[in-house]
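Data block below; observations after.
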Amino acid sequence: MNYMQDKFNNFVGVFLKILFFLIMVGSIAMPFLSFFKLSFKNIVYSIVIILVILLACLFLGHFIYSLVKKDFSNRLILLIILLLAFLLRLSYILLIDTKPFSDFAVIYASSQKFALGDYSVFKGVSYIARFPHLTILSIYLGELIKIFHKPIFAIKFINIILSTINVYIIYLISFELYEDKVKSIMISFVACIFPAFIFYNSVLCSENLAMPFFLGSVYLFILVIKNKKNLLWIFISGILLSIGNLFRIVGIIILIAYILHLLIYYRNKKSILISGILIVSFILPLISVNSLLLHNNVTEYSLWNGREPFETSILKGTNINSLGMWNIDDAQLSEKYNFNYNQVKSASIHIITERLTKTPLYKLIGFYLIKFIAQWSSGDFSGAYWSTGDLSILNPNFSISIILFVYSQLLYIILIISIYKNLFVKKIDSYDNKQIHLIHIIFCGFVMFYLIIEQQPRYAYIVSWIFILLFYEIPFNKLYRNSKKNNK
């Protein structure tokens, strides 16, 4: 390892320790904040139901681990995990039947109009025209509405299939990271029961479609830099990243992480060539699809530049009173200037500058600390809320989302504490593991991005798999070896 790599690793290591400490504090505090909303009786109900769910998870985990101890083939165990993942997700959408609401209701309504041949939803000052990153999602949903008699169920069922595929790809990535099949099996089990991966199958969000492509891209990228695949596969990696980006336009962050990783850890002619291939393969699908939509008069604006400038998201993200979340004052700025792009952009930049330069430094630091904690400390990434809405059990004041959130939070706390603890253990195999550092860079990239834009826990769901992949503190392989010795 050269001097530059060593210094970079030390810097990122310190940075991650600070970040995960803040996430740990926030994630521990959140369940208590949720219980403040409940009566004593409902708190008791919550604890009982959550304990039952946790015991079920422990039972499933013990069952999988017992198969590992008994030397069942990894292929069979993985197949069982994938089947379990599918059944858990299917059960969830069947038991909790929710309809799209809030922004997702608007997107679904736009998709219904598109299915009838009405392209006006992509033009003028319509919701999709203002936020054109939702265009491909709307077209996808519209096509399914044309095909299926019950499109919402069909959409959710496809989400289940994609989510199950995610579990498999996470297994593949984890094996390339740690080269330990037992760890990979257990990490895939964590992905199987990871709450957000279950809840969001009921939500008509773009993350469900983008995530398999992002994960596939990361997997192929790792294979190429480990010299297990040729450069053709880096082109495919870029294509997959670009397809995922069409559904959720944050792929550029992963692309930048790839290039930074190559420049820092490889620094040779091949890394420059790989970077060039990635950029070209990433741009091609984006430009092609965008041109096709504009040429056929489906859309009026480019996918990356709608009627409302990107600066409005940054504007919301700097609003201290709303903790950087959506707020009515900033949201109405476009209407105030009659959706004049240049005027809205200019006004947004002016207000942002005023907020950043005239707010006391201590207040700004406190604001961004709280904003970061709020963004990353929700263990379900708001999946419980978006997948259940106001559905209640036992009594009208006892919503399902609170139960699911607290259960999710307990599992998330275990993940975060494990990751945080491991950051203080400077193991040779993890410290020199270049692929682990790639995951760190991707995470840091999203941290910085979400500090800039509007804050919403759901936004972090697209990279929630990072926490699963970094959950490698528990010495599964050591436990496995000890169990084999005890059985002799």
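Heads up, residue numbers simply count up from 1 along the chain you see.
Note: Cβ is positioned from N, Cα and C throughout, glycine not excepted.
Note on the transmembrane segment (12-36): residues 43, 46, 369, 372-374, 376-379, 402, 405-406, 409-410, 412-413, 416-417, 419-420, 423-424, 437, 440-441, 443-444, 447 of its chain, located 6 or more positions outside it, place their CB under 8 angstroms from a CB of the stretch. Residues or ranges marked as transmembrane segment by TrEMBL: 12-36 (among others).
Residues or ranges marked as transmembrane segment by TrEMBL: 42-64 (among others).
Residues 60, 64, 67-68, 153, 156-157, 159-161, 163-164, 167-168, 171, 185, 188-189, 191-193, 197-199, 201-202, 387 of the same chain lie 6+ residues outside the transmembrane segment (76-95) yet bring a C-beta within less than 8 angstroms of a C-beta in it. Per TrEMBL, the feature transmembrane segment maps to 76-95 (among others).
The annotation domain 'Glycosyltransferase RgtA/B/C/D-like' is assigned in TrEMBL to 145-283.
Taken from TrEMBL, the feature transmembrane segment applies to 152-173 (among others).
What TrEMBL lists as transmembrane segment is 185-203 (among others). Using a Cβ-Cβ cut-off under 8 Å and counting only residues 6 or more beyond its ends in the same chain, the transmembrane segment (185-203) has close neighbours at 57, 60-61, 64-65, 68, 74, 77-78, 81-82, 84-85, 88-89, 92-93, 96, 98, 100, 104, 156, 159-160, 163, 166-168, 170-171, 174, 379-381, 383-384, 386-388, 404, 407-408, 411-412, 415, 461, 464-465, 468-469, 471-472, 474, 476.
According to TrEMBL, the feature transmembrane segment maps to 209-225 (among others).
Under the heading transmembrane segment, TrEMBL lists 232-260 (among others).
Within its own chain, the transmembrane segment (272-294) is flanked in space by residues 122, 135-136, 224-225, 231, 234-239, 241-243, 245-246, 251-252, 255, 258-259, 262-263, 300, 302-304, which lie at least six positions past its ends and keep a Cβ under 8 Å from the stretch. Residues or ranges marked as transmembrane segment in TrEMBL: 272-294 (among others).
The feature transmembrane segment is assigned by TrEMBL to 398-424 (among others).
Annotation source TrEMBL lists transmembrane segment at 436-453 (among others).
Under the heading transmembrane segment, TrEMBL lists 459-480 (among others).
By the Cβ criterion (under 8 Å, sequence separation of 6 or more), the transmembrane segment (42-64) is not in contact with the transmembrane segment (436-453), since fewer than 3 such pairs are found. A Cβ distance under 8 Å defines the sequence-distant neighbours of the transmembrane segment (436-453), meaning residues of its chain 6+ beyond its ends; these are 9, 12, 15-16, 19, 177, 218, 221-222, 250, 253-254, 256-258, 260-261, 265, 313-314, 316-317, 368, 371-372, 375-376, 430, 459-460, 463, 466, 469-470. Sorting each residue of the domain 'Glycosyltransferase RgtA/B/C/D-like' (145-283) by its DSSP state yields 118 helix, 0 strand, 21 coil. Same-chain residues lying 6+ beyond the ends of the transmembrane segment (152-173) with a Cβ under 8 Å from its Cβ atoms: 78, 81-82, 85-86, 89-90, 93, 99-100, 108, 141, 144, 184-185, 187-188, 191-192, 197-198, 200-204, 208-209, 211-212, 215-216, 218-219, 222, 465, 468-469.
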